[in-house]
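First up is the structure itself, then whatever we jot down about it.
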Amino acid sequence: MRECSAVSNLMSTYLRLPVTFIKGEGVWLWDDRDDCYLDALCGIAVCSLGHSHPELTKALCKQAGMLIHTSNLYHIEKQELLAGRLAALSGMDRVFFCNSGAEANEAAIKLARLYGHNKGIELPTIIVMERSFHGRTMATLTATGNRKAQAGFEPLLAGFVRVPYDDLNAVAQIADNNKHVVAVLVETYQGEGGVNFPQINYLQGLRQLCDQNGWLLMLDEVQCGIGRTGKWFAFQHGGIMPDVMTLAKGLGSGVPIGACIATGEAGEVFKPGNHASTFGGNLLACTAALTTLDVIEKDRLMQNAVQVGNFIRDRFKEKLAHWLNVIQIRGQGLMLGIELPVPCGELIKEALKHRLLINVTSERVVRLLPALIMNQAEAEQVVDISSEIIDKFLTGQAANIITRDRPGSSN
Ligand SMILES: *Cc1c(COP(=O)(O)O)cnc(C)c1O
């Protein structure tokens with residue numbers, strides 16, 4: 001590890017950790033001093049095949065040597081193939097390709113507004129959730145439920161109303177009071193907001209409210225989609241179909257690609273000229289995505305995600321058994337969070353000292369998003385190192401935890 005030099009020509013948008021990786025293989029990364037790290041984050045749920053997957057490397061090299069980009073002025077066969085593949089996997093119809101999660105959600109928001117205008121709704125309004133994260137463009141930042149991220153960028157956009165996540169009554173109340181609503185935009189499982197999973201009937205309840213009111217159900221699966229939770233898409237755990245779904249992170253294994261997928265009436269909303277992207281769905285990006293989907297299927301990586309994810313959760317429960325009254329261990333597949341009773345951002349650096357990459361989100365939630373190829377032995381190392389760090393940290397914080405969680409009781 002090395003401290004970053006004081007002078008940089010980069011804008012200071014990131015607080016970076018003092019490490020520079022130059023090589024990766026599977027769930028392992030090497031820094032510029034040849035120290036080896038165990039990666040339990042895979043580039044924030046992006047590199048689901050692990051680093052330097054041989055099939056992906058081969059496919060990308062081959063495509064790069066043939067043709068990388070043509071623009072969407074022309075037919076792109078791999079885009080058609082990828083759209084067909086995503087449609088078959090999701091049961092949905094139509095795909096628009098872009099380059100990031102924010103862009104995918106931006107497309108969904110525009111689609112919802114146009115859908116509303118087509119129905120004669122002049123001020124189309126989208127219901128969004130507290131603690132949500134949808135991106136950093138102006139529209140997606142407005143949709144995001146995090147005042148800190150929005151501060152300083154006002155005026156935000158009009159046309160959004162916010163309710164608590166996992167609260168069907170709050171959505172139902174809006175149905176009674178607001179006739180401008182055209183859509184609900186929600187992460188099927190919340191990532192940045194603390195790795196939050198809703199009640200079992202939440203998605204079905206939202207589906208029902210959308211159907212009753214003629215709203216689009218738009219699911220942001222940028223983080224939880226593409227096999228991470230044990231199904232291709234997290235909504236498939238809930239037994240419903242959305243009208244719109246957005247994807248990005250895990251779709252291209254690190255080559256930037258996003259997708260806004262729609263079905264039925266929603267799939268017919270955009271007409272030529274309504275929306276576009278210069279880079280969106282170029283040959284290199286589509287090759288990355290097609291190969292990613294192939295490998296996930298062929299190597300049964302979703303089954304692995306479930307097995308290894310369950311193993312991680314169970315082992316955490318064993319290792320942290322004496323803290324289970326103050327922490328919560330949540331997860332589905334390889335989307336995992338451990339909520340601590342106190343802010344714990346310092347655990348990221350502590351883990352780094354132990355050559356382990358983890359994340360803390362929403363101040364108090366240790367987040368793990370390992371590659372879907374992680375095996376049990378590797379997962380065991382992840383849990384053993386991180387539970388030891390968490391245990392030490394909580395022991396040091398014991399005084400704060402007792403006063404915080406049991407006010408007025410000292411024993
Ligand atoms: C990361 C993320 C986004 C934004 O994706 P970018 O590629 O950073 O624009 C949107 N929604 C969710 C749920 C995310 O996790």
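For all residues, glycine too, the Cβ spot is worked out from N, Cα and C.
Heads up, TrEMBL stuff is auto-annotated, nobody curated it.
Pyridoxal 5'-phosphate binds Gly101, Ala102, Asp220, Glu221, Val222, Gln223, Thr278 as TrEMBL records it, and from the list Phe133, Phe197, Phe270 the residue named for this site is Phe133. Residues within less than 8 Å, Cβ to Cβ, of Gln223 (pyridoxal 5'-phosphate binding site) and separated from it by at least 6 positions along the same chain comprise Ile44, Ala45, Gly101, Glu187, Tyr189, Gly191, Glu192, Lys249, Met335, Leu369. Straight-line distance linking the Cα atoms of Val222 (pyridoxal 5'-phosphate binding site) and Arg136 (N(2)-acetyl-L-ornithine binding site), rounded to a whole number, equals 13 Å. The maximal spread of the pyridoxal 5'-phosphate binding site, taken as the longest Cα to Cα distance among Gly101, Ala102, Phe133, Asp220, Glu221, Val222, Gln223, Thr278, is 25 Å.
When the binding-site residues Ala102, Asp220, Glu221, Thr278 are screened for a C-alpha within 10 angstroms of the C-alpha of Arg136 (N(2)-acetyl-L-ornithine binding site), the residues that qualify, in sequence order, are Ala102. For the recorded site, Phe133 (pyridoxal 5'-phosphate binding site), the DSSP three-state label reads coil.
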